[in-house]
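What Swiss-Prot says about this protein:
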BINDING   K32, E89, K128, K461  (6S)-5-formyl-5,6,7,8-tetrahydrofolate binding site
DOMAIN    224-387  domain 'TrmE-type G'
BINDING   234-239, 253-259, 278-281  GTP binding site
BINDING   N234, S253, I255, T258  K(+) binding site
BINDING   S238, T259  Mg(2+) binding site
Amino acid sequence: MKNTSSSTTLTMNDTIAAIATPLGKGAISIIKISGHNALNILKQLTQKQDFTPRYAYVHDIFSNGVLLDKALVIYFKAPYSFTGEDVCEIQCHGSPLLAQNILQACLNLGARLAKAGEFSKKAFLNHKMDLSEIEASVQLILCEDESVLNALARQLKGELKIFIEEARGNLLKLLASSEVLIDYSEEDIPSDFLDGVSLNLEKQIASFKDLLDFSNAQKQRNKGHALSIVGKPNAGKSSLLNAMLLEERALVSDIKGTTRDTIEEVIELKGHKVRLIDTAGIRESADKIERLGIEKSLKSLENCDIILGVFDLSKPLEKEDFNLIDTLNRAKKPCIVVLNKNDLAPKLELEILKSYLKIPYTLLETNTLNSKACLKDLSQKISAFFPKLDTQNKLLLTSLAQKIALENAITELQNAKNHLETLELFSYHILSAIENLNLLTRPYETSQMLDSMFSEFCLGK
């Protein structure tokens, strides 16, 4: 796309424009314009001179006198906008070509094509949002976990900023008190003051650790729980995968060794992301390709969180079953022992199977041919292994930089607590903790750092 703007210097004073909606056809596309020239561009596009801020207008959109579309347009007057500048939105019909043509018209009238994250960067620099709120908005776009939506919404509302500001205010009071007492001799410092400061720090550290622990647990949850499906050939592993997906994803056949590699799919189970890994049947094989698949199956057990060990209930235990039992015992992972094909006459020696299993396990009899019933039973068994996270009234750190800053603040507060009787050192560590807290909401560093941070955001955001 050609930008005909005469300005070649990319500055925060430029008027920028971008398509804010995803690529592809849809009901509408949204073009955003931000900057001192935004309203003038909108006036030229619509051939309308008067716009009341925050009113929606349905109006024709023109480019060089040619009608492009009839669209919904809104003008947000500075500073009452997302970026803090004049912002105009054009909501046109959802043709990608049409949106591109309107965007090009904006560029022809003097706007510059926005860089990734530049709208958010303007909002940050104009003090419309702090870093925690901006990161929450990005994570809301990417979020795939229903349980974390509430925490992100609260962060977007500014509650993390309030929490950090309250903690910073508390530490500033402690710092002021210690600075006053530095000139006193140690014996003149009231013991109850030191006791009160120590208790204050313990509570502050505990609140920070709670935030950090919840954020780390949520990060692990976002990765998803890896669930490996293992068993001898033809035990019903692939049928089990298909039942959980409610579709034919893995090839099902009576021929042993049909699945020769791991197959991975992602599903949501009771609000949790689960990565299902269907593995090659575990048995002794002379086939080189199948052996590689079996080795990969065994490797997947090392990295999984839960194992589904599948046995054929309609057949007596044989060598391959005992090999599987040995594999489960050595893996030492949470295990659900699935007894498949319970629609057939049972021949598997269940008591012998139980006696050989040396790990905690949950037993489930099912029939993978009845997909819906199988999925319901499995969901109950699998979800019992998920850690219970209370997300109500919780705050969340969404970036590694925030977590490192909070970890450093905790370390400094612990150091301060250890140096309570040496007030110079105490003050030094309290001040360092405050500086780390500042990094959570407004990390004042260099323009290069800001460019790098916001470049991870999407266009139009």
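Residue 1 is the first one shown; counting continues down the chain.
Cβ atoms are placed via backbone N, Cα and C, with glycine included.
Sequence features, as recorded in Swiss-Prot, placed on the structure.
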{"residue": "K32", "record": "(6S)-5-formyl-5,6,7,8-tetrahydrofolate binding site", "DSSP class": "strand"}
{"residue": "E89", "record": "(6S)-5-formyl-5,6,7,8-tetrahydrofolate binding site", "DSSP class": "strand"}
{"residue": "K128", "record": "(6S)-5-formyl-5,6,7,8-tetrahydrofolate binding site", "DSSP class": "coil"}
{"residue": "N234", "record": "GTP binding site", "DSSP class": "coil"}
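Using CA atoms as reference points, the binding-site residues N234, K237, S238 were checked against K32 ((6S)-5-formyl-5,6,7,8-tetrahydrofolate binding site), and the closest is S238. Other C-beta atoms found within 10 angstroms of the C-beta of N234 (GTP binding site) number 22, with every protein chain shown included. Around the Cβ of S238 (Mg(2+) binding site), a 10 Å sphere holds 25 further Cβ atoms from the protein chains shown. K237 (GTP binding site) sits 52 Å from E89 ((6S)-5-formyl-5,6,7,8-tetrahydrofolate binding site), taking the CA atoms of both as reference points. Same-chain residues at least 6 positions away in sequence with a Cβ under 8 Å from that of K128 ((6S)-5-formyl-5,6,7,8-tetrahydrofolate binding site) are, in sequence order, P79, S81, F82, T83, G84. When the neighbouring Cβ atoms lying within 10 Å are counted for each of the binding-site residues (K32, K237), the highest count belongs to K237. In the structure as shown, the Cβ atom of E89 ((6S)-5-formyl-5,6,7,8-tetrahydrofolate binding site) sits within 10 Å of 21 other Cβ atoms. N234 (GTP binding site) sits 58 Å from E89 ((6S)-5-formyl-5,6,7,8-tetrahydrofolate binding site), taking the C-alpha atoms as the reference points. Recorded residues E89 ((6S)-5-formyl-5,6,7,8-tetrahydrofolate binding site) and S238 (Mg(2+) binding site) have their alpha carbons 50 Å apart, per Cα-Cα distance. This prediction places the mean pLDDT of the domain 'TrmE-type G' (224-387) at 78.
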